[in-house]
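Worksheet: one structure, shown below.
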Amino acid sequence: MGIFNFSQDLGIDLGTANTLVFIKGKGIVVREPSVVAINKTTGGIEAVGSDARNMIGRTPGNISVIRPMKDGVIADYDTTASMMKYYIKLAQKNRSSFAKKPNVMVCVPSGITMVEERAVIDATKHAGAKEAFPIAEPFAAAIGAGLPVWEPTGSMIVDIGGGTTEVAVISLGGIVTSQSIRVAGDDMDEAITQYVKKKYNLMIGERSSESIKLDIGSASQPDKDEEMDIRGRDLLTGLPKTITITASEIATSLHDTVTAIVDAVKNTLERTPPELAADIMDRGIVLSGGGALLKQLDKVISEETKMPVFVADDPLDSVAIGTGKSLEYIQHFRGHPNVSSQRISD
Ligand SMILES: Nc1ncnc2c1ncn2[C@@H]1O[C@H](COP(=O)(O)OP(=O)(O)OP(=O)(O)O)[C@@H](O)[C@H]1O
């Protein structure tokens with residue numbers, strides 16, 4: 001292959017919260033929020049990624065900040081395609097202008113409909129891919145977390161992202177049982193916003209509720225009750241106000257979301273064949289995705305399921321690493337997004 005027609009295939013974790021791009025042989029080269037700022041007057045793009053995210057809640061009337069992915073799927077097709085195009089270019093900034101278009105492995109939630117999946121494939125091609133290969137997100141997460149997905153043994157992965165939580169039991173290169181719920185990190189942020197609104201009549205922005213979650217959020221009542229000052233707008237006076245909130249209040253506000261995630265894990269375990277359940281009992285459940293970093297979540301899932309639970313080494317990177325590693329098998333993924341019906345040997 002000559003240097004000019006060399007193409008670098010890509011793996012993309014197109015997430016509700018973050019988009020990551022993996023280049024074969026290089027690793028993760030782009031790690032940015034899935035956010036785009038658009039100038040409503042010109043229709044042009046003002047900013048993409050962290051620059052756009054910093055504008056959330058702070059824009060003048062002519063700029064709107066969009067999160068084009070919702071619940072793990074495309075909510076705004078044109079903006080998603082533009083965002084992917086920007087990230088593909090960024091990932092390939094040293095690419096020769098003679099280089100061939102890349103093949104792209106792109107993750108999709110396991111509960112996706114045909115129409116939603118078609119939109120991801122089309123947007124990926126629109127963004128510059130020669131061919132787009134969908135891979136089920138929990139399968140990619142399991143590969144990225146280093147689970148022995150090709151072996152005749154049961155591995156359980158729980159990927160908690162911004163928009164979806166994907167629970168899957170994998171064996172012999174296929175998903176045996178899975179459940180995808182549209183409840184994840186974004187719902188935790190929303191639960192915090194609603195709690196603060198109801199209890200303190202205080203309106204806070206989505207960036208604030210997320211930072212409360214990251215700082216003092218916990219899946220169960222904390223041993224040490226930390227406090228945090230939060231600022232927002234008093235709904236009664238309309239004026240800015242600061243209140244102090246405790247970690248224990250935040251744990252209360254997150255209770256329903258955490259319960260929904262735990263229930264999805266339990267439901268999947270109930271539908272898992274006994275041999276595979278025994279394997280999982282031995283080796284444990286692995287958590288990935290940014291939501292896996294919520295304090296005490298591993299402990300709560302372990303207590304509720306009576307199984308050992310571990311958090312993947314780089315939970316925010318697992319899906320991207322998995323899509324990247326799967327590039328080696330790209331031809332096998334043609335028409336098999338869930339890789340559930342085939343065995344690909346190493
Ligand atoms: N330390 C943390 N504690 C709790 N939540 C966290 C932490 N760090 C990140 N998150 C949350 O993880 C979510 C993002 O995770 P991730 O990047 O895996 O999602 P995604 O792949 O974009 O979403 P999806 O898979 O649903 O499309 C966000 O909701 C973010 O707030």
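Indices start at 1 and increase along the chain as displayed.
Glycine too: its Cβ is placed from the backbone N, Cα and C atoms.
Annotation comment: TrEMBL describes Thr16, Ala17, Asn18, Gly162, Gly163, Thr164, Glu210, Ser211, Ile212, Lys213, Gly290, Gly291, Ala292, Leu293 as ATP binding site.
Annotated features, which come from TrEMBL, shown on the structure.
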{"residue": "Thr16", "record": "ATP binding site", "Cβ within 10 Å": "23"}
{"residue": "Asn18", "record": "ATP binding site", "Cβ within 10 Å": "24"}
{"residue": "Gly163", "record": "ATP binding site", "Cβ within 10 Å": "22"}
{"residue": "Glu210", "record": "ATP binding site", "Cβ within 10 Å": "19"}
{"residue": "Ile212", "record": "ATP binding site", "Cβ within 10 Å": "24"}
{"residue": "Gly290", "record": "ATP binding site", "Cβ within 10 Å": "18"}
{"residue": "Ala292", "record": "ATP binding site", "Cβ within 10 Å": "25"}
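The ATP-binding residues named in the record, Thr16, Ala17, Asn18, Gly162, Gly163, Thr164, Glu210, Ser211, Ile212, Lys213, Gly290, Gly291, Ala292, Leu293, extend over a maximum Cα to Cα distance of 20 Å. Ligand 1 lies under 6 Å from the Cβ of Thr16, Gly290, out of the binding-site residues Thr16, Ile212, Gly290, Ala292. In the three-state DSSP classification, Asn18 (ATP binding site) falls within a strand.
According to DSSP, Gly163 (ATP binding site) sits in a coil region rather than a helix or strand.
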